[in-house]
Amino acid sequence: MDLKHSASGAAENADSYIASSKSTDMITPKEKESKANNKAPAAPAEGYKVYARRWAVLILFVFYSASNAMQWVQYTIINNIITRYYGISDKWVDWTSMIYMILYIPLIFPGSWFLDKAGLRITALVGIVGTCIGAWIKVFSVDPSLFYVSFIGQAIVALAQVCILSLPARLAAVWFGPDQVSSATSVGVFGNQLGVAIGFVLPPMLVPNSEDINQVGSDLQLMFYLVAGLTSVLLILMAIFFQDKPPTPPSAAQEAANRLEGMAEQQTSFGQSLKNLLTNRNFIFLLLSYGINVGVFYAISTLLNPVVLKYYPGHEVDTGRIGLSIVLAGMLGSVVSGIVLDKTHKFKETTLAVYALSMVGMWIFTFTLDTGHIAVVYLTASLLGFFMTGYLPVGFEFGAELTFPEPEGTSSGLLNASAQTFGIFFTLFYSELFYSYGDVPANVAMAVMLIVGTVITAATKSDLRRQNAQVVLPTGGAAATNP
C-alpha cells in the first residue's frame, strides 16, 4: 500500500473547477472555456470515485480518537479512590479532566494551521505519538507520592487531542462523497464518544474500591499498562495504514481543493479565514450555543462520580456504567443525527430540535436522581446522552454550512475551543455549587444554561452556504466505488 499515495493509474477528470475553499461538498464547476459553445457545465463522464479503503481509514481514526478520549475521565470516574491513594483533594482530580480543556484552547489556532499545512496523516501521527508517550509516563506514576508524574502524563495526552478533535470533518471531506459526508463526520465523532464510554466503564472495573492501598496501586498499574499497550499497537497501525488522501478526489469541491494546493496566490490565508469566521454573525451564535451544550456535558461527566455516589453510596461500578450509558446513547444519537442530515439537509431544524431535547433531558435528569432506584438514573442519563452528545456532529456540520467556503478544520477547531472554554467555566461553577449547595442547584444551573443555548440556536439563521453552492450531478455523474 502506497502510504504517500500517488495518483498514478487514476483516471483524470476532464473538467476543471473553481475552488474557493476546502469544503466538504460540491461547488459550481467551471464552464468550459469555449467561444464557440456556451453550454452549461457538466460532471465528469465517469463521475467522482470513492474508495472502499475510506472505511478502513475512518475506522482506524475512530480507535485512535478513542484511545485519547478514554483517558479524559480515567481519574475522575474513580475520584474517591484516586484521592485516597494519592492523598490529594477532589479539586486535583477534577483538574485531570479540565487539563484537557485548558491546554486545547491556546493550541487550537496553531493546531488548525498545522492540520491545514501538514495534512491528515502527519497530524494524526503526531497525535497518536503524544497519546502513547503520555500513557507510558502514567505507568511510572504508581506510588502515593507520584501524582505529579501521573498529571504530567495526563497533560501530554491532553496536548495530543489538538491533533484529533478537528479531524473528523476534514477526514470526511477528503475521503467521502457529498452524500456521505455528514454520516462520516458522525462516525468520526463517534470515536471520541467511544473513548469516553470506555473511560467511564473500564477504571471502576479495573480499580475497585479496596481498603488495601497496595492492591489499589497494583490495580492502577494494570490499568495504565493496558492503556499504554493499546496506544502502542494503534501507533504501529496508524504508521502503516493511515493514509493522507485517496488517489482521486471524491467530489468536485475536494478536486478543487487539491488543484489549489501549491497555488498560494489563490489560497485564503489562515488569518483571513479566521477573520471571516469571527465576523460571521450566525457562526458566532453557533459558537456560543455549541460551547454551552458541550460545556454542560463536560461538567456533568467530570462530577458524575460524586453526584451519583451522593444518592447511591458504594455504587462506583454503577457510576461508570451510567457514564457508559450516557455515551452509548450519544453514539446512537450521533449516527441518527448524521443520517437525518444526509437525507434531509435540514440543518437548522435538526440542530434546534436536538438542542431543545437536550435541555428537556437535563431537567428530567435533575429531578430523578433521588428516586432511590438507580435504574431510573440509567434511563434518564441515557435520554440526556442521546441528545446532548448526539448534538456534537450536528454542530460540526451546521458550522460547515454556515462558514462555507472556509476550511472545515478551522471552523470545527473553533467550535471545540468554545466547548473547552465553557467546559472549564461550567466544571468549576458546577463543582462549587455541588459541594456548597448540593446537586439540585448545580443541575438546575446547567439546565438554565441549556435554555439560553436553545434560545441562541433559535436566533441563528439557516444560512446554508454549502448547500446553496451544490450542483446536482446528472445520472452519468454518479460516484463510482474503487477498492
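Note: Cβ is positioned from N, Cα and C throughout, glycine not excepted.
TrEMBL: automatically predicted annotations, no manual curation.
Taken from TrEMBL, the feature domain 'Major facilitator superfamily (MFS) profile' covers 52-465. Taking the domain 'Major facilitator superfamily (MFS) profile' (52-465) as a whole, pLDDT averages 87 in the prediction.
Annotation source TrEMBL lists transmembrane segment at 55-75 (among others). Cβ atoms under 8 Å from those of the transmembrane segment (55-75) belong to residues 82, 93, 96-97, 100, 124, 127-128, 131, 134-135, 150, 154, 157, 160-161, 164, 167-168, 171, 175, 184, 187-188, 190-196, 198-200, 202-203, 223, 227, 230-231, 234, 237-238, 241-243, 301-302, 304, 323 of the same chain, restricted to positions at least 6 beyond its ends.
For the transmembrane segment (95-115), the residues of the chain that approach it from at least six positions outside its boundaries are 72-76, 123, 126, 150-151, 154-155, 158-159, 161-163, 165-167, 170, 270, 274, 298, 301-302, 407, 409-410, 413-414, 416-417, 419-421, 423-424, 427-428, judged by C-beta separation under 8 angstroms. Residues annotated as transmembrane segment in TrEMBL: 95-115 (among others).
Sequence-distant contacts of the transmembrane segment (122-140) (same chain, six or more residues past either end, CB-CB distance under 8 Å): 61, 64, 67-68, 71, 114-115, 146, 149-150, 152-164, 167, 221, 224-225, 227-228, 230-232, 234-235, 238-239, 242, 244. Taken from TrEMBL, the feature transmembrane segment covers 122-140 (among others).
Counting same-chain residues at least six beyond the ends of the transmembrane segment (146-169), those with a Cβ under 8 angstroms from any Cβ of the stretch are 24, 61, 64-65, 68-69, 71, 74-75, 86, 88, 92, 95-96, 99-100, 102-104, 107-108, 110-112, 114-115, 120, 123-124, 126-131, 133-138, 140, 184-185, 187-189, 191-192, 393, 396-397, 400, 408-413, 416. Under the heading transmembrane segment, TrEMBL lists 146-169 (among others).
The transmembrane segment annotation in TrEMBL covers 181-202 (among others).
As annotated by TrEMBL, transmembrane segment applies to 222-242 (among others).
Using a Cβ-Cβ cut-off under 8 Å and counting only residues 6 or more beyond its ends in the same chain, the transmembrane segment (283-301) has close neighbours at 73, 76, 97, 101, 196, 200, 277, 307, 323, 326, 355, 358, 362, 384, 388-389, 391-392, 395, 398-399, 402-403, 411, 414-415, 418-423, 425-427, 429-431, 446, 449-450, 452-454, 456-457, 459-460. Feature annotation from TrEMBL assigns transmembrane segment to 283-301 (among others).
Taken from TrEMBL, the feature transmembrane segment applies to 321-340 (among others).
Here TrEMBL flags 352-369 (among others) as transmembrane segment. With a threshold of 8 Å between CB atoms, the same-chain residues lying at least 6 positions outside the transmembrane segment (352-369) that come near it are 289, 293, 296, 307-308, 311, 333, 337, 376-377, 380-381, 383-384, 386-388, 390-391, 394, 439-440, 443-444, 446-447, 450-451, 453-454, 457-458.
Taken from TrEMBL, the feature transmembrane segment covers 375-394 (among others).
Within the same chain, residues 90-91, 94, 97-98, 100-102, 104-105, 108, 112, 165-166, 277-278, 286-288, 290-292, 294-300, 302-303, 306-307, 395-396, 399, 441-442, 445-446, 449 sit at least 6 positions outside the transmembrane segment (414-434) and bring their C-beta atoms closer than 8 Å to a C-beta of that stretch. Feature annotation from TrEMBL assigns transmembrane segment to 414-434 (among others).
Annotation comment: TrEMBL describes 440-459 (among others) as transmembrane segment.
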- With the transmembrane segment (181-202) as the reference, which stretch in 222-242, 321-340, 375-394, 440-459 has the largest tally of C-beta pairs below 8 Å? 321-340
- Message: Which residues of the chain, 6 or more past the ends of the transmembrane segment (321-340), have a CB below 8 A from one of its CBs?
- Response: 73, 77, 182-187, 189-190, 193-194, 196-197, 199-201, 204, 300-301, 304, 308, 346, 350, 354, 374, 377-378, 381-394, 397
